[in-house]
Amino acid sequence: MAQASRDNTCPASDVCDFASPTVMHHREGGAALPAIIHHQEDLNDKKEALRGSYHKSYNIMKDAESGGDPSQQVTTYRSRFWILIVFSLMNFVLNIEWIMFGPISESMQAAFPGWDEATVTLTINFGMITYIVTFIPVCWAVQRYGLRACLLTTFGLATAGTALRCITSTTPAFTILSYLCGIAIGVASPVMLAGPPMIANEWFPVQERTTATAIMLGSHQLGGVASYLEPLIVRQPDPSVTNAAIQHDVMRLTYIGAGLAAALLLAALVYFPSKPPSSPSITSSQERFTILPALKVLVKNKKFLLLMVTYGIFVGPAVVWITVIDFSLLPLGFHQEKAMWVGLSGVMVSSLLPVVVGRLNDLLRGHTKTLLLTLMVITAAFFYWFLLLSYGILPITDWQVYVSAVGGVSFSFSTMPLFMEIAIDLVYPSPELLVTAVMVAADSVTGMIFLLLFNIPDPLYLWTTYTLTLCSSLTAAPLVAVSFPSTRMTIDTE
């Protein structure tokens with residue numbers, strides 16, 4: 001069996017060759033690694049095995065620090081902040097391009113013949129569908145060729161897609177090019193959406209790991225802030241505004257988006273290595289399963305499957321609802337320009353709240369599940385409040401619409417770094433990119449179904465409110481009685 005390296009991980013077999021001298025996973029009476037691979041239900045035995053196994057790895061690290069191989073040292077680099085900034089900005093721009101036409105749906109329908117609600121949602125849905133189809137091949141490519149090569153390739157493809165929309169404003173050519181752009185963005189999404197936990201693990205120490213993940217995830221949501229400022233560039237339909245003028249505004253918007261994507265692609269070309277020379281923690285230096293063995297671990301782990309389904313149902317509808325929130329706000333008297341400020345507020349708060357939650361989780365180690373359940377209950381309360389407003393049970397006032405909608409979206413999004421942290425611990429040492437990609441695929445499936453429901457005629461879109469309420473209120477219960485390990489934190493801190 002071939003030896004494993006940090007760049008090429010373990011060979012594609014069910015069990016890696018842990019007897020290999022180049023692999024830092026050591027056996028403790030034959031119990032440590034089987035406990036990880038097969039994920040036995042006895043959590044206490046598993047933790048003890050992990051502690052025993054990795055104490056040897058820790059000693060190797062200490063020996064390296066005292067004069068051994070410098071590649072084995074636990075080290076952090078200031079360049080990690082450049083990586084964080086560039087990747088976060090790329091995520092920021094990708095979200096702008098993905099949901100570009102949602103916040104200006106009234107203008108799109110008025111100025112472009114053949115465009116309606118279904119067309120707008122389909123430009124968004126193409127990205128989600130493509131993600132689901134491509135995320136496993138992309139994860140394999142990252143493990144095979146490295147993060148840098150795949151990041152530049154996939155984001156370069158997305159940049160080319162944004163440039164396609166700049167070619168013409170005539171339909172149906174513009175419609176087709178918009179769909180192609182959505183597909184290109186979908187190809188880039190596995191790296192951009194699933195990459196944050198992997199990058200945080202490769203570059204950041206344990207006390208910064210969840211915070212860095214939250215910043216990168218939050219930056220994607222922050223891209224929605226810019227999207228909800230689009231009505232400042234694209235005029236709303238009005239008797240005094242011609243369709244040609246609106247089309248000109250839309251094309252100017254596509255030029256701006258393509259320029260931003262190209263600039264960030266250049267920044268990544270200048271400096272964005274796949275990983276630092278030395279690892280920031282013990283667990284980040286450990287070998288990971290290759291894709292197929294890791295998929296088997298995920299499928300066989302019942303707790304992971306429960307967490308994945310819960311995450312998909314809880315987060316998916318809320319994440320995509322903010323992209324088409326105009327449809328739910330219009331029956332409440334919020335037209336495009338007024339709805340812009342609700343969406344803008346929601347995206348702004350939901351971009352910052354995950355960072356606060358991530359930092360809190362880093363400080364309060366060992367309480368991830370309690371924090372997660374608390375946030376889920378708060379989310380359900382906010383969406384129930386919006387439901388009462390939508391059905392006229394409560395009097396509609398602007399402040400209630402703002403608080404209920406913004407609160408529901410923001411607290412839902414703030415759970416994402418916690419879900420990812422728990423999921424990665426459950427199936428460690430499966431690759432972080434693959435675990436996160438599978439989780440994101442789950443919310444993409446539910447989000448895609450949610451968007452497809454817009455093809456059903458309903459001028460009030462009341463189904464969206466009770467869907468959000470049910471998805472957020474029924475998902476917390478299955479997690480209450482389930483215990484989750486803190487595998488990586490245990491290894492890195494003891």
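Using N, Cα and C of the backbone, Cβ positions are placed for all residues, glycine too.
TrEMBL annotations: computationally assigned, not manually curated.
Counting only same-chain residues 6+ beyond the ends of the transmembrane segment (81-101), those with a CB under 8 A from a CB of the stretch are 108, 120, 123-124, 127, 151, 155, 158, 161-162, 178, 181-182, 185, 188-189, 192-193, 195-196, 199, 203, 212, 215-217, 219-224, 226-227, 230, 253-254, 257, 260-261, 264, 267-268, 271-272, 323. The transmembrane segment annotation in TrEMBL covers 81-101 (among others).
Residues 98-102, 149-150, 154, 178-179, 181-183, 185-187, 189-191, 193-194, 291, 295, 320, 323-324, 431, 433-434, 437-438, 440-441, 444-445, 447-448, 451-452, 454-455 of the same chain lie 6 or more positions beyond the ends of the transmembrane segment (121-142) yet place their CB under 8 Å from a CB of it. Taken from TrEMBL, the feature transmembrane segment covers 121-142 (among others).
When Cβ-Cβ distances below 8 Å are used as the criterion, the transmembrane segment (149-170) is approached by residues 90, 94, 97, 112, 138, 141-142, 177-178, 180-185, 187-188, 190-192, 195, 247-248, 250-251, 254-255, 257-258, 261-262, 264-265, 268-269, 272, 274 of the same chain, each at least six residues removed from its ends. Marked as transmembrane segment by TrEMBL: 149-170 (among others).
Sequence annotations record features per position, and here TrEMBL assigns transmembrane segment to 176-200 (among others).
Residues annotated as transmembrane segment in TrEMBL: 253-272 (among others). Here the transmembrane segment (253-272) has Cβ contacts under 8 Å with residues 79, 82-83, 86-87, 89-90, 93-94, 96-97, 100, 104, 147-148, 151-152, 155-156, 158-159, 162-163, 165-166, 230, 233-234 of the same chain, all six or more residues outside its ends.
Taken from TrEMBL, the feature transmembrane segment covers 304-327 (among others).
Annotation comment: TrEMBL describes 339-358 (among others) as transmembrane segment.
Remote same-chain partners of the transmembrane segment (370-393), defined as residues 6 or more beyond its termini with a Cβ less than 8 Å from a stretch Cβ, comprise 314, 318, 328, 331-332, 357, 360-361, 364, 400-401, 403-405, 407-408, 411-412, 414-415, 418-419, 422, 460, 462, 465-466, 468-469, 472-473, 475-476, 479-480. Among the features that TrEMBL reports, transmembrane segment is placed at 370-393 (among others).
According to TrEMBL, the transmembrane segment annotation covers 399-420 (among others).
The transmembrane segment annotation in TrEMBL covers 432-454 (among others).
TrEMBL lists 460-484 (among others) with the feature transmembrane segment. Counting only same-chain residues 6+ beyond the ends of the transmembrane segment (460-484), those with a CB under 8 A from a CB of the stretch are 43, 303, 306-307, 310, 313-314, 316-318, 321, 327-328, 331, 368-369, 372-373, 376-377, 379-380, 383-384, 386-387, 390-391, 408, 412, 422, 425-426, 446, 450, 453-454.
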(request) Check the transmembrane segment (176-200) against each of 304-327, 399-420, 432-454 and return whichever range has the most CB pairs under 8 Å. (result) 432-454
